[in-house]
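What follows is one structure encoded as structure tokens, with my remarks underneath.
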Amino acid sequence: MTAIRYEFIKKCKQTGARLGRVHTPHGSFDTPTFMPVGTLATVKTMSPEELKAMDSGIILSNTYHLWLRPGHEIVREAGGLHKFMNWDRAILTDSGGFQVFSLSDFRRIEEEGVYFRNHLNGDKLFLSPEKAMEIQNALGSDIMMAFDECPPFPATFEYMKKSVERTSRWAERCLNAHQRPEDQGLFGIVQGGEFEELRRQSAKDLVSMDFPGYAVGGLSVGEPKDIMNRVLEFTTPLLPENKPRYLMGVGSPDSLIDGAIRGIDMFDCVLPTRIARNGTCMTSQGRLVVKNAKFARDFGPLDPNCDCYTCKNYSRAYIRHLMKCDETFGIRLTSYHNLHFLLNLMEQVRQAIREDRLGDFREEFFEQYGFNKPNAKNF
């Protein structure tokens, strides 16, 4: 029996977006969903109890960072990631591939894996499909990701073709090295950049390997949003209807809605907590930078339409004061609000799918948020 099972519930008649549920060894979560990112086994400044209060059913942790600190063997000795961080709901771990390609100044890609330098101290390291599986098996996440090559945008067709072929070979090695398929589901990652032919080849290779789920990788790496949407339009239909589909590294409100419309079930991004640390908040009226001087005497909530802990209890003026004084509590309040905003947005997306009106919801939300305006400020 597979560790991960996707239950299809319904399709939106207006857009084709799908409502579903993913069942894991640590509970089920409704889709489409957003996964808060807990890189180092913590969602920055948030407690597990606060994440549960927001109704987060799954979070993401990072294989590369946990391998370096504290080390996957320590996490294994603690009883796995769930016990180590006191989180009894689902966890997804990425493979470390993206970090190897984005954080390391020096790297050498060979067929056996990638040689690179530790971004913390410069030590030489080596990560392979087998090592990525060993680390993730020790971490004990519910969903683990295959080790893939993450080419930058833009890349030539020739380079991307070689990269896709290598990613497929690595995916097969990941399947062979995976030691715990009965309680950890391994997802394959479709690559291919903006090239339809290569996406088609990558999807065909991976679907033939019968992974329990599939991710679309290599997007949200600097390409314009219209390219991302176009790639999703020709990639998502290549993936099995009875498996979850995950768009990696995407977390802006407009992209979550547009991704759901194109058949995506799962999203993750550091965006909500990263921008929160600079005082940037997502609200139903659009982007709000609470550090701005105009909020010094504004005693209203960050978002009058939000019922989160932050908005029910604290004013813009108070949060601005905390942020200007570099008080950690200010970052906690903005982080809580942004995470709640995205998780609540996904609940609204699911409700719109239930009611067959996601296209209308998108139009209303984009208008209210200001995404339709020329020169609209995005994240």
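Just so it is clear, glycine is given a Cβ too, placed from its N, Cα and C backbone atoms.
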Labelled region 'RNA binding' by Swiss-Prot, one stretch among 116-122, 235-241, 249-255. Can you tell me which? 249-255
So which range, 43-47, 133-137, 273-277, 358-362, gets flagged region 'RNA binding' in Swiss-Prot? 273-277
Taking Swiss-Prot at its word that Cys306, Cys308, Cys311 bind Zn(2+), choose the one of His321, His337 listed for that site. His337
According to Swiss-Prot, which candidate in Asp55, Asp148, Asp258 joins Asp94, Ser95, Gly96, Gly97, Phe98, Gln191, Gly218 at the substrate site: Asp148
Out of Asp94, Asp148, Asp268, which of these recorded positions shows the lowest number of other CB atoms within 10 Å of its CB? Asp268
Please report how many Å separate the Cα atom of Cys308 (Zn(2+) binding site) from that of Asp268 (active site, nucleophile), as a whole number. 20
Among the recorded positions listed as Asp268, Cys306, His337, the Cα nearest the Cα of Gly96 (substrate binding site) belongs to Asp268
Can you tell me whether DSSP puts His337 (Zn(2+) binding site) in helix, strand or coil? helix
